[in-house]
Amino acid sequence: MTVMKVQGKPTRTITPVPQAGAIDIIDQTALPQACRVLRLDSLEAVVEAICSMQVRGAPLIGVTAAYGVALALTSRADDATLLAAIRALGATRPTAVNLHWALARLQACLTPLPPPLRAEAAWLEADRIAEEDVQQCRRIGEHGLQLLRAQLGERGRIEIMTHCNAGWLATVDHGTALAPVYAAFDQGIDLHVWVSETRPRNQGLLTAWELHEHGVPHTLFADNAAGLLLARGSIDAVIVGADRIAANGDVANKIGTYLKALAARAASVPFYVAAPGSTIDFACANGTDIPIEERAADELRLLQGCDAAGRSAQLRQLAAEAAVANPAFDVTPASLVSAVISERGVCPASSDGLRALYPEKTHG
Ligand code: MRU
């Protein structure tokens, strides 16, 4: 069942259309100005959609890549085609481990099959991954709701800060960090969300858009205001998503997350990370092993928006040759994370905590 709505209509971020040899996605580069559905009908289109962030967010990247394999195998499904598809999709974005997790799952499922059976099996496995994502995010919402309830203090309302977009747009439905927010809001708990703009790609605008569509009260703020908001007691809890959680509980997430964790610790505000099991990488011992994506410098040199007539437009704010650094993620040490919320429950951000939730995934 789809839960999230756009203008009152149940909507998922990705819809398979196997009879047309395609998938439909919401083009996130058009939001929040327009909610546009884009049809992707080839491996190349899927690769481009992930690289350009028409689809983004760790769980959704994994699901989209799984369908990308299915699309690649539609006309030919020999070993070489399968491996080339996995290689092309695996090279799109380095940090979110869900991408590599989904591709490894497709490879393990398809390689033993004779080529004529692979395309249909790929569609089915991608469907399973998508459906699991929905159910896992729903359960993250249920577990996180208990934590939020405990946060209801004297105000009688919970003030929540989030960063980037870890809502339903970053998954198939529900979201990760926003799943507890939606669950609490739907149960009538009085809450308000402080949404960090998240320069340079402004994923906070996506968060504000989806909260608006669901009717959740929220306020957008410039990233640099986070310290002040936390220090002056305006925030009861910070909840963010994750692109990869190392075996020791270190968390890679959108650039700027680490600064919020530091400010939250200084203000004694709990800092929660919500993510499904597919985001935990037990092969990464700690955060220094996590590859950090460096994105194009033009993301800082050019501003994206729309002009007075509402047409999408770019504004140059820096010369083409201006030196720019654009790391897209940072690593928050486990010591700054109050708890990890996954589909299996809530645990300390530590190797023991993660192992206790996922005993079958640990190496040794
Ligand atoms: O670069 P993006 O927009 O794909 O980065 C997304 C994030 O960092 C999210 O916080 C993370 O993927 C968690 S999504 C549920």
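Note that Cβ sites are derived from N, Cα and C of the backbone, with glycine treated the same way.
Annotations in TrEMBL come from automatic prediction, not curation.
Feature annotations, reproduced from TrEMBL:
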type	residues	note
ACT_SITE	Asp243	active site, proton donor
BINDING	Arg56, Gly57, Ala58, Arg93, Gln203, Asn253, Lys254	substrate binding site
SITE	Cys164	site 'Transition state stabilizer'
Given the recorded positions Arg93, Cys164, Lys254, return the subset with CB under 6 A from an atom of ligand 1, ordered by sequence, or none if empty. Cys164, Lys254
Using the Cβ center of Arg56, Gly57, Ala58, Arg93, Gln203, Asn253, Lys254 as the substrate site position, which other residues in that chain lie within 8 Å, going by their Cβ? Ile61, Ala96, Cys164, Asn165, Ala166, Ala170, Gly241, Asp243, Phe329
What is the interatomic distance between the Cα atoms of Gln203 (substrate binding site) and Cys164 (site 'Transition state stabilizer'), given in whole Å? 5
Please give the substrate site's span as the largest CA-CA distance among Arg56, Gly57, Ala58, Arg93, Gln203, Asn253, Lys254, to the nearest whole angstrom. 17
Between Cys164 (site 'Transition state stabilizer') and Arg93 (substrate binding site), what C-alpha distance do you get in Å? 17
Looking at the binding-site residues listed here (Arg93, Asn253, Lys254), whose Cα lies nearest to that of the residue listed as 'active site, proton donor'? Asn253
Are there any residues at least 6 positions away along the chain from Arg56 (substrate binding site) with a Cβ closer than 8 Å to its Cβ? List them or say none. Gln28, Ile50, Asn165, Leu169, Ala170, Gln203
Give the number of CB atoms, excluding that of Asn253 (substrate binding site) itself, located within 10 Å of its CB. 29
